[in-house]
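**Q** Sharing the record's features from TrEMBL:
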type     : residues : note
DOMAIN   : 251-307  : domain 'MIR'
DOMAIN   : 321-377  : domain 'MIR'
DOMAIN   : 382-439  : domain 'MIR'
TRANSMEM : 59-80    : transmembrane segment
TRANSMEM : 87-109   : transmembrane segment
TRANSMEM : 143-176  : transmembrane segment
TRANSMEM : 196-217  : transmembrane segment
TRANSMEM : 514-537  : transmembrane segment
TRANSMEM : 557-574  : transmembrane segment
TRANSMEM : 619-638  : transmembrane segment
Amino acid sequence: WDETHFGKMGSYYINRTFFFDVHPPLGKMLIGLAGYLSGYDGTFPFQKPGDRYEQHNYVGMRAFCAFLGSCLVPFAYLTVLELSKSLPAALLTAFILIFDTGCITLSQYILLDPILMFFLMGAVLSMVKCNSCADRPFSASWWFWLSLTGVNLAGAMGVKFVGLFVVLLVGLNTIYDLWDLLGNLSLSLVMFGKHLLARVLCLILLPLALYMAMFAVHFTVLNKSGPGDGFFSSAFQSQLIGNNLHNVSIPEHLAYGSVVTMKNLRMAGGYLHSHWHLYPEGVGARQQQVTAYLHKDLNNLWIIKKHDSDTADLSHPSSPVEFVRHGDIIRLEHKETSRNLHSHQHEAPLTRKHFQVTGYGINGTGDSNDFWRIEVVGRKAGKLIKVLRSQVRLTHVATGCILGSSGKTLPKWGWEQVEVTCTPYLKESPNSLWNFEDHINPKLPNISLDVLKPSFAEILLESHMVMIRGNSGLKPKDNEVTSKPWHWPINYQGLRFSGVNETDYRVYLLGNPVIWWLNLVTIGLYLLIAVSTAVTLKRGVQLRSELKELSRVVLRGGGQITLGWLLHYLPFFMMGRVLYFHHYFPAMLFSSMLTGITWDTLLKFCTGFLSPSTTARKVYGGGFLALILLIVYSFYLFHPLSYGMVGPMASDPSSPMAGLRWMDSWEF
């Protein structure tokens, strides 16, 4: 399944080939590093799930992910132990994570999820440990745990943007702590200021510095041209070895008579392109097609001409150079076909209410619908236009619409290139912005593109814009089966990792149903206990010391974990992007910890009413033993989901999974 993506990206790091992904780079870099250190040479193609690795050494990458996935158990154990001070609660949490088929399946392959969850749980554990050092602030252990929280936050954010949810959790915890300190009248304001500065340093500045360092390493390692070039600006591409803009010298400012290519700024927007083929009958005016084309091509070349001088031969060596300025009205003549870039009030082929863009005229002679006003974003009239750096907008003089790439793919008659339209909506977007990439003008001095090299801050900003745009572009396709957030806690539907037929080795991502349903019931149970406890305390009921301690664990410890679950689950209901079952697993870690704390509290509370302590201990121990045996037995039933099912399908009575399809929506 996703090994085809993340294994391939690990190979790109080993080969230093530039690529684009919608997630920040840390997870893929660590996978690449694990492969490199374990002797993988980066040559396996990772084309489709089920391809055999043959002699390729993939084990190091899988082992690395499996190791990080295994660390989730001790992290959760220590977190619950710290919050509840109860060994049975911590053990129950550990048993839940050890025997969950979903956690095992997700941790044993080359995926980002175990790496993300490692840093996420590391941040939660460090936060809880730091809270327990609150009585000795500025001690070595306090600084250690506070700094480690910051390091783990940077790690979580550096793997996937959903790491932001744990940043939010730690942020809310920090605000609560500081608010508490502010109310402590024995603490001077100077001391409070020190507390505030320590948290700013360790939880804001340190993670930011580490996060930016990841990108610095990412851009340093990936220095060769690759499949990700086209997503980035021309100025960025000029730094990649093997790209046609690398080490090139071109004139810096645009002049009349220059031959240029224009690149659309939307992600994978393509170059402004035309060819001899006409629009078919019934698609606007039957004139020459104008499209956006993702590849370099001679048909991407255009000549910049003045709108009013057909006769002046600007290419004559003796004629003076005249620069194009912001606000000028120009014509763009297609070099190969000598037709002008043209628009009119016929509807565009695919995008409704947009105007058609065509090639029109003979040998550069057309009409007033060929005139375009060139404007640079954020510049004043009369300023020169820089190649690569200036973001320009072309406004059609006659209709007032703006030239743009819609991003929609044309049918076969348009050679499956991208539609170019003239939009009457004047909203600023990358679709309607362009930059000049190639620039040929023998009368102008060439400058090296190194002069135009973007700064690290510009590259960092651009890469985030591209990632955010890429994420928002991950919409569900027509008829694609996607997962709904309400499906996840009830374990409604799993995810096929590999294999479909009887002859295949089939792995299916599905949580251990007993564990997941226990977690679901426990969330309701916890809310009931927490509300009862809060009401009891509010009414001033006198409690025994052990019950007071239990109520503190329920409200403070359980409350932090519940907040973590809500922050890692609820935001998915508001996301428009395509969602999958594995997105729930960070939230599942919190609900498993909550299960440990809640059942421990419930059993202690129930046994508190039993008089001889030996009976109470037996009931308490028996309750825990029953839960653990139930979890282990359910794992024994469902373990083939993780380790691979072979032979007949579950519908066949002779299958080891016969009778275990408790829900029709499970597809194993």
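Heads up, the Cβ atoms here are built off N, Cα and C, so glycines get one too.
Where in this structure would I find these features, and how exposed are they?
**A** DSSP labels the residues of the domain 'MIR' (251-307) in these numbers: 3 helix, 28 strand, 26 coil.
If you look at the transmembrane segment (87-109), the same-chain residues 6 or more away from its ends with a CB under 8 A from one of its CBs are 1-3, 62, 65-66, 68-70, 72-74, 76-78, 80-81, 497, 507-512, 515-516, 518-519, 582, 585, 588-589, 592-593, 595-597, 599-601, 620, 624, 627-628, 631-632, 634-635, 638-639, 641-643.
Beyond the transmembrane segment (196-217), the same-chain residues lying 6 or more positions past its ends with a Cβ under 8 Å from any Cβ of the stretch are 24-26, 29, 138, 143, 146-147, 149-151, 153-155, 157-158, 167, 170-171, 174, 178, 456, 459-460, 463.
Away from its own ends, the transmembrane segment (557-574) comes close to residues 83-84, 124, 128, 162, 165-166, 168-169, 172-173, 485, 488-489, 523, 526, 530, 583-584, 586-587, 590-591, 593-594, 597-598, 601 of its chain (Cβ-Cβ under 8 Å, at least six residues beyond either end).
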**Q** Can you tell me which parts of the same chain pack against the transmembrane segment (143-176), counting only residues 6+ beyond its ends and a CB-CB cutoff under 8 A?
**A** 23-27, 112, 115-116, 118-120, 122-124, 126-127, 129-131, 133, 198-199, 202-204, 206-208, 210-211, 214, 467, 471, 560, 563-564, 567-568, 571, 583, 586
**Q** Using Cβ atoms and a strict cutoff of less than 8 Å, what residues sit near the transmembrane segment (619-638) while being 6 or more residues removed from its termini?
**A** 88, 91-92, 95-96, 99-101, 510, 512-515, 518, 599, 603-604, 606-607, 610, 660
**Q** Near the transmembrane segment (514-537), which same-chain residues lie under 8 Å Cβ to Cβ, leaving out any that are not at least 6 residues past its ends?
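**A** Residues 96, 99-100, 102, 489-491, 543, 551, 554-555, 558-559, 562, 565, 588, 591-592, 594-595, 597-599, 601-602, 605, 627, 630-631, 634 contact the transmembrane segment (514-537) from elsewhere in the chain.
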**Q** Determine which residues of the chain contact the transmembrane segment (59-80) at the Cβ level, with the cut-off under 8 Å and only residues 6 or more beyond its ends counted.
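**A** Non-local partners: 7, 10, 30-31, 34-35, 37-40, 86, 89-91, 93-94, 97-98, 103-104, 106-111, 114-115, 117-118, 121-122, 124-125, 128-129, 589, 592-593, 596-597.
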**Q** Take the domain 'MIR' (321-377) and count its residues per DSSP category (helix H/G/I, strand E/B, coil), listing them in that order.
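**A** So the counts come to 3 helix, 29 strand, 25 coil.
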**Q** Per-residue pLDDT averaged over the domain 'MIR' (321-377) comes to what?
**A** 85
